[in-house]
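Remarks on the structure that follows.
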Amino acid sequence: MRLILVGPPGAGKGTQAVHLAAHYKIPHISTGDIFRANLKNGTELGKQAQSFMDRGELVPDSVTNEMVRDRLGNTDVANGFLLDGFPRNTNQAQVLDQILAEKKMPLDAVLELKIDNAEIVKRLSGRRTCRGCGVSSHVEFEKPKVAGVCDKCQGELYQREDDKEEVVTRRLVIYTEQTAPIVEFYKSIGLLKIISALGDVSEITKKAISALG
Ligand code: AP5
Ligand code: MG
Ligand code: ZN
């Protein structure tokens, strides 16, 4: 299964990606997670990305595309992959197309998670992210067993810098202006599947698997 998950910030891409990657036994590749890991480790890539991420802007394509090209060079993608948060604009979609054509690894599907803006704000304002493994939880909707501690790896939970209201607003604008057009493109070539992002996490996973066949 070679899959792209697309949807606005807070739609639950990261949450669903964990379950779908386990179900299909494929690596979960989140460009946001890779940038955050680099920030945490103080790498050059992390330094390049930080100011863009903090403002809710896209990290420049020159940086992002090379990072993804590199990641897709890893042997673990031989049986498929799940891309979460990439591509996010037309140029990235074109570059991905070239990379996959070179590797003779055509996409199977693009899954869009549909959600309205009011729900997004509720989700992002209560989201907590693990410093250890990057997994999301929520102070109300997906409470960890122990407050402030990740269920999966016992890492510390923190609030992402870009989950502040002004930055969320900017991320939504960027999504509408830059990412929504690529969803239309994937629709036009028959790869798009759409499901609602509302409801229980496990119900959404089931809907996703049945939509993907
Ligand atoms: P990225 O990390 O990709 O952020 P995003 O796209 O804005 O998406 P989020 O991670 O905020 O949301 P999500 O859909 O994963 O939701 P989640 O599952 O956590 O990107 C961050 C930044 O990095 C970008 O702004 C940009 O600067 C840079 N970047 C990344 N990729 C890039 C690229 N390709 N090009 C350029 N720059 C790039 O869920 C949200 C919350 O809701 C959680 O609290 C969760 O517990 C809760 N929740 C999930 N599902 C449910 C449910 N069913 N019911 C109730 N609550 C739920
Ligand atoms: Mg995410
Ligand atoms: Zn963790």
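Glycine is no exception: its Cβ is also placed from the backbone N, Cα and C atoms.
All TrEMBL annotations are machine predictions without curation.
As recorded in TrEMBL:
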BINDING   G10, A11, G12, K13, G14, T15, R127, G199  ATP binding site
REGION    30-59  region 'NMP'
BINDING   T31, R36, E57, L58, V59, G85, F86, P87, R88, Q92, R160, R171  AMP binding site
REGION    126-163  region 'LID'
DOMAIN    127-162  domain 'Adenylate kinase active site lid'
BINDING   C130, C133, C150, C153  Zn(2+) binding site
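Ranking the binding-site residues G10, G12, G14, G199 by C-beta neighbours within 10 Å puts G10 at the top. Comparing CA positions across the binding-site residues G10, A11, T15, E57, G199, the one lying closest to C153 (Zn(2+) binding site) turns out to be T15. Highlighted here are the binding-site residues (T31, F86, C153) whose C-beta falls below 6 Å from ligand 3: C153, in sequence order.
In the three-state DSSP scheme, R88 (AMP binding site) falls into the coil class. R127 (ATP binding site) falls within a strand when secondary structure is assigned with DSSP. The 6 Å Cβ screen around ligand 2 retains K13, G14 from the binding-site residues K13, G14, C153, R160, ordered by sequence position. Closeness to ligand 1 is met by G10, these being the binding-site residues among G10, C130, C133, C150, C153, R160 whose Cβ falls under 6 Å from the molecule.
The C-beta environment of K13 (ATP binding site), restricted to residues of the same chain at least 6 apart in sequence and closer than 8 Å, consists of L5, V6, G7, S30, D84, G85, L113.
Here the region 'NMP' (30-59) has a mean pLDDT of 96 out of 100. When other Cβ atoms within 10 Å of the Cβ of C130 (Zn(2+) binding site) are tallied across all protein chains shown, the result is 20. Closest by Cα distance to F86 (AMP binding site), from the binding-site residues T15, C133, C150, is T15. Of all the binding-site residues listed here (R88, R127, R160), the one with the fewest other CB atoms within 10 A of its own CB is R160. R160 (AMP binding site) falls within neither a helix nor a strand when secondary structure is assigned with DSSP, and so counts as coil.
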